[in-house]
């Protein structure tokens, strides 16, 4: 029920890979505690519901809810919605996207963090089927008007402003704000045409490591070291010494994806191994390979020499 990108056999996956069957595909971005997700899955058992949520606590609560209710047509992803849209949905296969009460980022200097911007609508058009739609429900009029303008700027959608469906007002926060007498806004953004710019998925790699000759250094002074990468940034947070070498807790940020993973430097039968630990099922991307490359550079500065490079 929980989608872990690194464990998927096919990349990007097909609907059959995720759900074990075909059916109308719906993506909910920001499902919170999952009560709307569960209601949707119950009311439309023929639909296949993929949810994306950044809060780990919310994902856990929603996962428990789905299991408790035995909802086999739901899959949950812990991470950002645009990542799921880009990498877990094939082009032209998505029937609907649902966004209920997104973070409005009300301050002007934060508006670039809003989800429903022109670039998102353009990319969304590559994943929606012809006639597919995005449904937005919000209590923030400024955000609502902003989203309408951003979608209109693309020329790719027909926008229909409608009363919000009752089911969309039964989320955790909607119920709270309904009692407070707030006004709600709802619109359907229906795809008319597709943006010509391709939006390929992230490239996933099987390995990211190097073998080096030489002796392990006595220490690695890497704590809280940030490294700029072509694809983002890596931060070496902590270094722990073990019997065989070092473990480096590393934070990697790239577009729509943040990972905390372990890199390891240890003795092996063929020399010194430096690479990604499989602990936690990290997704090996260009940025992760860049983090390993930065670690290897530090080892080279200690006098080790690369004899095999898969970074």
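Placement of Cβ uses the backbone N, Cα and C atoms for every residue, glycine included.
Packing around residue 103 (active site) is summarised by its Cβ count: 14 other Cβ atoms lie within 10 angstroms of its Cβ, all protein chains included. Sequence annotations record features per position, and here Swiss-Prot assigns active site to 103 based on similarity to another entry.
Its Cβ taken as reference, residue 28 (S-adenosyl-L-methionine binding site) is surrounded by 26 other Cβ atoms within 10 Å in the chains shown. Taken from Swiss-Prot, the feature S-adenosyl-L-methionine binding site applies to 28, 53, 103, supported by sequence analysis.
Residues annotated as substrate binding site in Swiss-Prot, with sequence analysis given as evidence: 107, 139. DSSP assigns residue 139 (substrate binding site) to coil in the three-state reduction, outside any helix or strand.
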Determine the Cβ neighbour count for residue 107 (substrate binding site): the number of other Cβ atoms within 10 Å of its Cβ.
8
Using C-alpha atoms only, work out the spacing between residue 107 (substrate binding site) and residue 28 (S-adenosyl-L-methionine binding site) and round it to an integer in Å.
25
Select one residue from 53, 139: among these binding-site residues, choose the one with the most other Cβ atoms within 10 Å of its Cβ.
53
Additional residues surrounding S-adenosyl-L-methionine, by Cβ distance to the 28, 53, 103 centre under 8 Å:
29, 30, 31, 32, 51, 52, 54, 81, 99, 100, 102
